[in-house]
Amino acid sequence: MYSLLETINSPADLRRLPRAQLKALADELRAYVIDSVSQTGGHLSSNLGTVELTVALHYVFNTPDDRLVWDVGHQTYPHKILTGRRERMGTLRQLGGLSGFPRRDESEYDTFGTAHSSTSISAALGMALAAEFKGENRNAVAVIGDGSMSAGMAFEALNNAGVHDHCKLLVVLNDNDMSISPPVGALNRHLAQLMSGRFYASARHVGKKVLQVAPPLLELARRLESHAKGMVVPAAVFESFGFNYIGPIDGHDLESLIPTLENIRHLMATGAGPQFLHVVTKKGQGYKLAEADPIAYHGPGKFDPSMGLQKSSAPAKQTFTQVFGRWLCDMAEHDPRLVGITPAMREGSGMVEFHKRFPKRYHDVGIAEQHAVTFAAGMACEGLKPVLAIYSTFLQRGYDQLIHDVALQNLPVVFALDRAGLVGADGATHAGAYDIPYLRCIPNMGIACPADENECRKLLTTAFEQDSPVAVRYPRGAGAGVEPEAGLKSLPFGKGEIRREGSGIAILAFGTLLYPALQAAEKLGATVVNMRWAKPLDTELLLKVAAGHEVLVTLEEGAIMGGAGSAVGEALQAAGVVKPLLQLGLKDEFIEHGEVAVLLALQGLDAAGIEAAVRSRFGSFKSTDPLAKVMLKSVA
């Protein structure tokens, strides 16, 4: 079934194949991707769209000596298969297995780690100029999708690259949404090869020299050339940055891709400066179900390729994302000032229904987190109530805007932080581990940490009622299964509650780890406090609990350093209270991909781990004796 693919263990093997066999290899590669993802889950549509492009790039360029940088990186399964990792695809996105994204420590062919968008051009330009500085003859290639081109960082890199006339940089725009280009055909293929050819480049260069003596003629020539290209391709914007624009061409046509890339490689060798190749691909290419619904097959779980995705017959728990989506629609019905904003994450953030029902109040700003935050600030200035739905890890990209444009002006923006805490198979790049530390230090900022689905809905309402910025952080997937109450009830701002009365030890839980804390407390005989807010901290409740207990434990699904536990320590110190304090949370390390439950256990944040950590630090005691004295083994 994979007779050709099984002979390819590196791009060097690929480059030894006759060109006539590449189409058959691409077909096998596509089938292998479908088979692999069906068994492990993962990104599918985007990978099916890059099969031929991946084959062509590795065939033409001398990787890994030539640097190949993939933007975002979820479309690199064909790249992984061709670079010696075919046999490990069964471990994809599993604990100890292959990452779903490029990793420098995984392969020398993964020249730059990616998972967040729009970084590839900057990285590839840095590599190209470093090679030039060191006197090394190598090329750098950045592959970036049309969605990623909406981020300002991509254009900052283009702007910088354009001033380096001789750098060996190629930017490949993988246009898989047809959002930029018109349909392509034979004329476009011919023009692309012509524009990347030696005669065209030479004639263009010589013509400019000749016309230097007659500036008006030079300007006329520029206009004529631009007009001729403009009839077929959107060249002007990229050439204005100093790139030689080529395309668009069919990204699934190897007979077009390979000669065009060979021509570009020659141009780079002759010092022609940065090159820009526009290819048009189709998400889900070659698998009809994914072609018909590329969004559904963007990141599927395991499935039968012959049947496609099947709806589960068992009723699923409501996810936090769904809780948010329903609250958003209900609050929009209640308050006409509400506007919803997303940076290109409509489905992932649960805003599909809101978009359908309130299209004029829905704003997808594209992959542009910095803009999204300040855009929300501008709306808040005019009396609207913006709700920005964004993954915790992506809000990091708009941090200056969060401080300067929102918090400094104390504007009432609600940040619905999805994917807070561990995210499972997507791993360290997508984990929402740092939002409490990076938000807690900002004046005027509130941070709510709901323990379950019902609290999530209520705390979203509380956040919306404030006249200051508030973030509500909640994890991926389902929680404890607490059904949200109807209506738009709120909870007191900055106030927690005692959920279990015990003695000796008090566990202060922030967020969904309340439930494993309650389980551990049954065996420890401990008090459990549902703190709800990392900021403002309920210091009144904290000091009351501290006065009645011998030791305190904080618990959060976030970084310990600077997190909610640190806030508790600071509050105790400010009040002059000295208590043994154990802070439990995510360790000072990047946490790899795997199942969330397994990762939490490895971090010691399941019920057994919490109990073990408390006993290790403070000694043993019996839950059946509420008056048992806590024996301290060590006190910081």
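Glycine is treated like the rest: Cβ placed from N, Cα and C.
Same-site candidate for thiamine diphosphate binding, as annotated by Swiss-Prot with H74, A115, H116, S117, G147, S148, N176, Y287, chosen from E6, E353, E369: E369. Residue with the densest Cβ environment among the binding-site residues D146, E369: E369, by other Cβ atoms within 10 Å. A helical conformation is recorded for E369 (thiamine diphosphate binding site) in the three-state DSSP classification. Among the binding-site residues H74, H116, N176, E369, the ones whose Cα sits within 10 Å of the Cα of D146 (Mg(2+) binding site) are N176. Considering only the binding-site residues H74, H116, G147, N176, the Cβ with the fewest other Cβ atoms within 10 Å is that of G147. Residues H74, A115, H116, S117, G147, S148, N176, Y287, E369, recorded as binding thiamine diphosphate, reach a greatest CA to CA spacing of 32 Å.
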